[in-house]
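Listed in Swiss-Prot for this protein:
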| type | residues | note |
| --- | --- | --- |
| BINDING | Cys43, Cys227, His252 | Zn(2+) binding site |
| BINDING | Cys43, Gly44, Ile45, Thr46, Thr58, Asn81, Thr82, Thr83, Trp223, Gly245, Ser246, Asp247, Val278 | L-cysteinyl-5'-AMP binding site |
| REGION | 1-22 | region 'Disordered' |
| MOTIF | 45-55 | motif ''HIGH' region' |
| MOTIF | 183-188 | motif ''ERGGDP' region' |
| MOTIF | 284-288 | motif ''KMSKS' region' |
Amino acid sequence: MRSWSAPDIVPLPGTGGPLRVHDTATGRIRTTTPGPRAGMYACGITPYDAAHLGHAFTYLTFDLVNRVWRDAGHDVNYVQNTTDIDDPLLERAEATGVDWRDLAHREIDVFREDMAALRIIPPTSYVGVVESVDLISDLAARIRDTGAAYELDGDLYFSVAEAPEFGEISNLDRGQMLELFGERGGDPQRTGKKDPLDWLLWRAERPGEPAWDSPLGRGRPGWHIECSAIALDRLGPAFDLNGGGSDLIFPHHEMGAAETRCATGGPNAHNHLHVGMVGLDGEKMSKSLGNLVFVSKLRQQGVDPAVIRLAMLAHHYRAPWEWTDAELPAATARAERWRSALALGAAPDAAPVLAAVRAALSEDLDSPAALAAVDAWADTALTEGGADTGAPALVRATVDTLLGVRL
């Protein structure tokens, strides 16, 4: 599946330092240690509606990881999926009288446009579930053959009893797991399961639903194994960083990690990064609640994508936050102030700004601190001036390359 057009990256003098990020599994900030090529997987959208700011905030976060790694001299193998077959997609297609394939294609196109406008570096591999059904079913069969899965009325379930490390990502107790599993797409009440926490690997064909031939019979994949199979295929086991929104910690990432351990004997990733939820009207933005601010709608209203990006960068990726009417005016004012400073013929030395932005982003992607460093330079430039004629160009390149904001 094609991704979207890549932004050009302006080279910076020197190189950045190693990236440290908060690892969900250990609860600690850890130094990432990729080799020459870093490997990263981010869970993608289910394309039954346009991308909202919660999605954009997640992919902005992984874009910062990508930029910091590149600045430190690493090539980056970035893989992102799109869940182009799933129950919510089928339900929306039926409710609106649209073929599910057409709905998915339409919303994926809008997503691509949004990501390109926000200057998100595209994945090395942008992979749909539909195009990956064979490798997903093969992984499910591989897990079945280890004895870790069982059949129930033609469906294939992973037996949580066969995953001794289960809980290593989320660190939740069983009661919390059961509650979240039921809220987030699981079926803990299904009769016949060995354990309420057992999860679906392969769903046997149902009348009126799409299905594919496989070694497991005709059907379609369960949710969690889709990402496990795509990540294993494109990144191999034990890659550098796996993640997504914090609502994916459990069950999605916990169950995916168990599937990979079962199939390979090791972890799926060395680090697990999760992004705080963006709220509106006191609730997290979600398609099911309908309390959404769409990136595409903001663009249609004439909002500069650089301003949208700056509004999100003002928030640390791990902290939940609320979108309010004050976000865009504040980001617009910041962009105008920066542009005014960048238009000066000379300004204060920019080398400390580059160093400060690098240091902030390398330490758990502290984008608010990075913005503050540029703010301080711009304020000094506008009030006191400066003598360095090359400073505006270096700050412009710093903001462009590390923060992804083109002014």
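Using N, Cα and C of the backbone, Cβ positions are placed for all residues, glycine too.
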Students should find that the Cα atoms of Thr82 (L-cysteinyl-5'-AMP binding site) and His252 (Zn(2+) binding site) sit apart, in Å rounded to an integer, by 14
Smallest Cα-Cα separation from Val278 (L-cysteinyl-5'-AMP binding site) among the binding-site residues Cys43, Cys227, His252 is shown by Cys43
Argmin Cα dist to Cys227 (Zn(2+) binding site) over the binding-site residues Ile45, Thr58, Ser246 returns Ile45
Spacing of the two Cα atoms, Cys43 (Zn(2+) binding site) and Thr58 (L-cysteinyl-5'-AMP binding site), in whole angstrom, works out to 9
Rounded Cα distance in angstrom between His252 (Zn(2+) binding site) and Trp223 (L-cysteinyl-5'-AMP binding site) is 8
In three-state DSSP terms, Cys43 (Zn(2+) binding site) is classed as coil
For Val278 (L-cysteinyl-5'-AMP binding site), the three-state DSSP class is strand
Thr82 (L-cysteinyl-5'-AMP binding site) -> DSSP, reduced to three states, gives strand
If you rank the binding-site residues Thr58, Ser246 by how many other Cβ atoms lie within 10 Å of their Cβ, the lowest count goes to Ser246
Averaged over the motif ''KMSKS' region' (284-288), the pLDDT of the predicted model comes to 72
